[in-house]
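What follows is a set of notes on a single structure, which appears directly below.
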Amino acid sequence: MPDALAPLQNRHLEALERRYAEVLGALGYDGVLIYSGHPALHFGDDQHASFCSYGHFQHWTGQAGLTHSWLLVRPGQRTTCFVHAPDDFWHLPPSLPDEGWTEYLEVISGRFETPPAVKASRLAVIGDIDDDTARALGAERNPPALLIALDEGRVRKSEYEIACLSEANRMALYGHRAAQQAFLTGASELDIQLAYLKASRQRESDVPYGNIIGLGAHGAVLHYQHYANEAPVSRHSLLVDAGHRYRGYCADITRSWPGPDAAPTFAALITRMNDIKQQLVAALAPGVEFVALHERMHQLLGELLVESELVSASAEAALESGITRAFCPHGLGHLLGVQVHDVAGRMSREGTALPPPPEHPALRLTRELEAGMTVTIEPGLYFIPMLLGPLEAGPAGSAVNWPLVERLMPHGGIRIEDNVAIATNSVRNLTLEHE
Ligand code: GLY
Ligand code: MN
Ligand code: MN
């Protein structure tokens, strides 16, 4: 079947070639070799860790699983992809998808545990490369100025990339619907995970990040990483943060559900969190400072804490005394692309570091929004004993309704996360358009 995305992908690749030519020219390189990477061996064992190829390799090919492969970009010459596909009776060599890039680029298949020979007067090599390999190539390894410039080239997505992100969202939502259904039938975390994978047509090693499937209090563990085999007796809540990868591009979606044993306040908090998420999505536009939008999230959380009677002080006081941060310690969102936490979120367009404000150290996106960026918006509210304990003991603790916190504790937390593409005069919610 012809690849319907090929025209868009060709334009994406043309733009990449132009961008690379500019960057390499400005920095005085006549070529760059990008290594896909390879999986690590477990120490003292013959088994490998899971693997995901380097983001800049995926930016051209969308291939997250090609190991020991290389991409050679030289301005004025056809870009070449050296695909490691050795004859092997233990494993099936990779076969390339029917996608536009396989025609656009020159593809050479063979054995590439060692890099291809490259003629260049000043070559850079980027990726997870050891000293010997860089020396044998006579190349500069991971030059910081080059990496910063290439990372910046991933910040504004092409039309092709947004189409891939949209498709990743569409597929992920099959999983989210199945997860919710499994929860309704009383499934365990493991069974919810299996339902998610089946419905979204993914094996576990292919998901863009470890699916977070938290029943009850596990929803308070921000990156909860286990799948309990048994369903809990009381079913207060489910939090599912799970995505899909399409041609390299990641969906990152979170949904929270009240269970049959949920307190009415918890169900009401989920509804309100959805409103907050919508309000924050509506505020996205080029020129908006994401740090300010993150602070806006904290204002809205302050109002929610007051209106739900979790806090008796004013919303402003809840914000200023750090109460909202104890209930939501993560950032409002991040850039999204071939990496779920995509690169350059804490860099200015000119390449200066933009660290997060000290009171919001987890914020991964600190720059001004621009047309072409794709971001997540993921407000949340959690009952995390490790953060609420010190809050209770500190000066702000007297404003918190601890008996209500105690009742909500078994519900874990709430997060609602959508993926949004920002254009010059509009935003496109890639998640809601498929929900
Ligand atoms: N799934 C990780 C995150 O939401 O950033
Ligand atoms: Mn997420
Ligand atoms: Mn996220």
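Going from the start of the chain as shown, residues are counted 1 onward.
Each residue, glycine too, has its Cβ placed from N, Cα and C.
Since this is a predicted model, take the numbers as computed values, not measurements.
If you look up TrEMBL, you'll see ASP241, ASP252, GLU417 marked as Mn(2+) 2 binding site. DSSP gives ASP252 (Mn(2+) 2 binding site) a strand state.
Among the features that TrEMBL reports, Mn(2+) 1 binding site is placed at ASP252, HIS334, GLU378, GLU417. Around the Cβ of GLU378 (Mn(2+) 1 binding site), the same chain contributes ASP252, THR254, LYS277, HIS330, LEU332, GLY333, ARG415, ILE416, GLU417, ASP418, each under 8 angstroms and 6 or more positions distant in sequence.
Summarised by DSSP class, the composition of the domain 'Xaa-Pro dipeptidase N-terminal' (10-150) is 43 helix, 27 strand, 71 coil. Annotation comment: TrEMBL describes 10-150 as domain 'Xaa-Pro dipeptidase N-terminal'.
The annotation domain 'Peptidase M24' is assigned in TrEMBL to 164-422.
Each residue in the domain 'Xaa-Pro dipeptidase N-terminal' (10-150) has a pLDDT score, and their mean in this model is 97.
HIS334 (Mn(2+) 1 binding site) counts 22 other C-beta atoms within 10 Å of its own C-beta, drawing on all protein chains shown. Just so you know, of the binding-site residues ASP241, ASP252, GLU417, the Cβ with the fewest other Cβ atoms around it within 10 Å is the one at GLU417. Neighbouring residues of the recorded Mn(2+) 1 site, listed in sequence order and excluding ASP252, HIS334, GLU378, GLU417, comprise ASP241, ILE253, THR254, GLY333, LEU336, VAL340, THR376, ILE377, ASP418, ASN419 (Cβ within 8 Å of the Cβ centroid). ASP241 (Mn(2+) 2 binding site) sits 14 Å from HIS334 (Mn(2+) 1 binding site), taking the CA atoms of both as reference points.
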